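If you check TrEMBL, you get these features:
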TRANSMEM  42-64  transmembrane segment
TRANSMEM  139-158  transmembrane segment
TRANSMEM  167-188  transmembrane segment
TRANSMEM  194-214  transmembrane segment
TRANSMEM  221-238  transmembrane segment
TRANSMEM  244-261  transmembrane segment
TRANSMEM  453-473  transmembrane segment
TRANSMEM  479-499  transmembrane segment
Amino acid sequence: MTGLKVRRKDIYTALLTVLEAVKNKRRSLNKRMEQHYSPVRLAFASAVVCMLIMVLMLFISPYLGVANDSMANQKMKGFGLDYLEKDTAREDSFQSNEYFIKTYESVHADGQEFTVHTLFVTAAKAVDSFFTGDNLFDIRFLGALYGICWLPGVFLLIKSALERVKYFSEGVVLSVAGVLIFADVSYLTYFNSLYTDALIYICILYAAGASLALHKNSRWSPAYILILTISGTVFCFISRRCFLAGILLAFFCILQIRVFQEYRFKKMLIMAAAVLLAGSVVSFFQCTEEFDETGKFHAMTRGVLLQSPNPVETLDSFGIDASYAVLADCSLYDYYPVSEIENPLLHEEFMDKYTTGEIALYYIKHPGAMLSMWDLGVKSAFNLRRSYCGNYESSTGMPAMGKSIFWSAWSIFKERSAPKTIGYLALLVVVFSAMSGRKVFNKRVVRRWDYVYFTVMVIFLLIGVVDITYVMLKSGDTQLVQFNMVMGVSMDILFYYVLAEILHKLNILEARNEEKR
């Protein structure tokens, strides 16, 4: 027993020695780099690495992208695109979701509504036509357009986080983490696709980076307010459900008036809030609803009834006959659906008995059901890669719906190791609240960093939660996998900013310990 204690003591001593050696190396490195450390330089280097990863992933064979599902297929005609004959004739039963398709035929557009997404695709088609002059559309032109817009956004986000840490070693950790997270294959492959996810991702990066950059008053503050306003407004016009994000970002601008002393900045923030609110209202009426009658059916069967302990009583509260309790957990996407959406009896006796507002009221009265649905939404947001859509072209010989593992460490970690529950989100809230929340509500002294940091975290948490709430009110859990990008990016940004604050706090603790010695 005595020998065992001695061995444990030796191991403990050895670990302390190694730890102290690492600390000394880190201090030495930080001292050497003290005059050279710059958040701007590190963020620029990170953006360059991100660019190289993007080029390797999207523009060098084998080209990666995301195969089309039914949603992308519906958008194609509006964009004036169609599949080439060689693709549809590839096999007896053509499945567009199995392989990524790089080249499309340009056809007459069906007059799809105006959205920012339509504008980007139209611009990419124009650039393609200018350089090639053929009747084909190579989606890599769209990917390049997204990439050009994305790089400044990821630079701004990483720079804003780096400004919180003082030392080179912590800056390197944050830079590497930023590249791992925000250049992950789960994000970049959407650049070579017809989904709105790429635009959502880019807009949130700009909005989050510009928001946190307001933590100090600088000559760039007007530019950050402008970037926040533009990215938030563009975000609103991606789809109707994004109008809620514009309202939240407008509220964020109003909150920042407290920390700006100059009248011109206060005026700019008020104007930014007004533009964001106006954009939200216009987008709500301008953009058409993404969810159809099938979604309304699932909002009850795969939402309310899915979480109800007594479906009969729940249906009775909506004035629906108890016999429809058999629809609990049913989906019209099942291989053998219980009914067709065109069935008039289904509308008359079931779907016409409730509205989205009544479903929202039900969840308010039953917060346990709401939490359960949020849990499903958070779980879905951990995996942003559509499981049923491939990343490779069929010519590569990869299996149908095959996924690339290139630069996928972060998405693999989230999918296989991270705690995929709402508890993860709650943990992030507890951590950032503990680190900065108490100082925010001090009425006498406003600590600018803590105030801006806390409000940024709360607003982007709400942007994610409000988005999945809207989706579940409109379609239950059936379309969470198609509309999980907002929540997914928001959680990654929350994690990244929490990491930056933890590194900062650890440095403070270490400095205090050094002073005591």
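Note that Cβ sites are derived from N, Cα and C of the backbone, with glycine treated the same way.
What you are looking at is a predicted structure, and each value in this text was computed from that prediction instead of being measured.
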Listed stretch, out of 167-188, 194-214, 221-238, that has the most CB pairs under 8 angstroms to the transmembrane segment (42-64): 167-188
Range from 167-188, 194-214, 221-238, 453-473, 479-499 with most C-beta pairs under 8 A to the transmembrane segment (244-261): 453-473
Recorded stretches the transmembrane segment (453-473) and the transmembrane segment (167-188) touching, at least 3 CB pairs under 8 Å: no
